[in-house]
Amino acid sequence: MMNPLIIKLGGVLLDSEEALERLFTALVNYREAHQRPLIIVHGGGCVVDELMKQLNLPVQKKNGLRVTPAEQIDIITGALAGTANKTLLAWAKKHGISSVGLFLGDGDSVKVTQLDAELGHVGLAQPGSPTLINTLLAGGYLPVVSSIGVTDEGQLMNVNADQAATALAATLGADLILLSDVSGILDGKGQRIAEMTAEKAEQLIEQGIITDGMIVKVNAALDAARALGRPVDIASWRHAEQLPALFNGTPIGTRILA
């Protein structure tokens with residue numbers, strides 16, 4: 001079996017029917033032409049934010065990571081492992097793709113511990129067991145994995161989806177693409193940067209060009225590239241016609257080098 005490809009979906013994508021239609025059409029086209037097994041890992045920040053708003057609950061962030069108090073973890077689990085995950089499974093079904101919905105704890109695929117008591121139920125993801133997902137891939141299924149995990153003590157944890165995807169890629173020896181709303185990392189003039197090293201990233205963070213959530217994304221991609229010993233791509237789902245080429249290894253966004 002070729003080494004798998006993990007496609008990590010950014011939260012806003014789940015809010016856009018047009019984006020989902022483009023993505024799943026690209027997935028169908030790619031699967032018809034290539035044997036490479038695919039896995040989707042998703043967060044769903046926008047789904048969670050919308051639910052929090054409806055329930056009048058505060059959304060707090062610390063260094064770009066969502067603070068998850070004990071009284072909110074059930075709600076966030078429902079939004080990510082429930083609504084967001086099943087929405088993606090429904091789109092897969094609509095496009096004739098046999099898919100299976102999972103969370104990080106299924107088959108111990110990704111091990112999770114608490115990251116920081118101040119963040120509450122926020123987990124640190126580490127590689128786990130490849131057995132379950134490899135079994136599903138061998139059966140021709142598309143695993144769709146939410147970024148909810150569970151500790152050995154049975155505590156549910158909200159995990160940053162970029163970091164969850166990195167840990168799963170390390171588990172499976174997979175390549176990783178981080179799909180988001182931006183066409184890659186942009187320089188001070190709004191131009192796409194084709195390749196990025198750790199040194200270049202540090203400079204741009206110091207200069208205030210890479211900020212907030214993008215710092216988390218770049219650091220996750222750098223961590224992933226280091227952990228996996230191979231480049232990681234950050235790209236946009238907006239260029240659907242380019243996605244099959246991206247899935248096949250052609251960079252269309254920013255390639256993060258280890």
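Placement of Cβ uses the backbone N, Cα and C atoms for every residue, glycine included.
In sequence order, ARG66, THR68, ILE73, ILE76, THR77, LEU80, HIS121, VAL122, GLY123, SER147, ILE148 are the residues near ASN158 (substrate binding site), counting only same-chain partners six or more apart with C-beta under 8 A. Among the features that Swiss-Prot reports, substrate binding site is placed at GLY44, GLY45, ARG66, ASN158.
Here Swiss-Prot flags ASP181, VAL182, SER183, GLY184, ILE185, LEU186, ILE209, ILE210, THR211 as ATP binding site, drawing on sequence analysis. Other Cβ atoms within 10 Å of the Cβ of ASP181 (ATP binding site) number 13 in total over all chains.
Among the features that Swiss-Prot reports, site 'Transition state stabilizer' is placed at LYS8 (among others), with the record citing sequence analysis. Taking the Cβ of LYS8 (site 'Transition state stabilizer') as centre and 10 Å as the limit, one finds 30 other Cβ atoms among all the protein chains shown.
With a cut-off of 8 Å between CB atoms and residues at least 6 apart in sequence, the same chain places ASP162, LEU178, SER180, ILE234 near LYS217 (site 'Transition state stabilizer'), listed in sequence order. In three-state terms derived from DSSP, LYS217 (site 'Transition state stabilizer') belongs to a helical segment. For LYS217 (among others), the entry in Swiss-Prot reads site 'Transition state stabilizer', with the evidence type sequence analysis.
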Exercise. Which of these recorded positions is closest to SER183 (ATP binding site) if you go by CA atoms: LYS8, GLY44, GLY45?
Worked result: LYS8
For this session: Reduce the DSSP letter at ASP181 (ATP binding site) to three states and note it down.
Result: coil
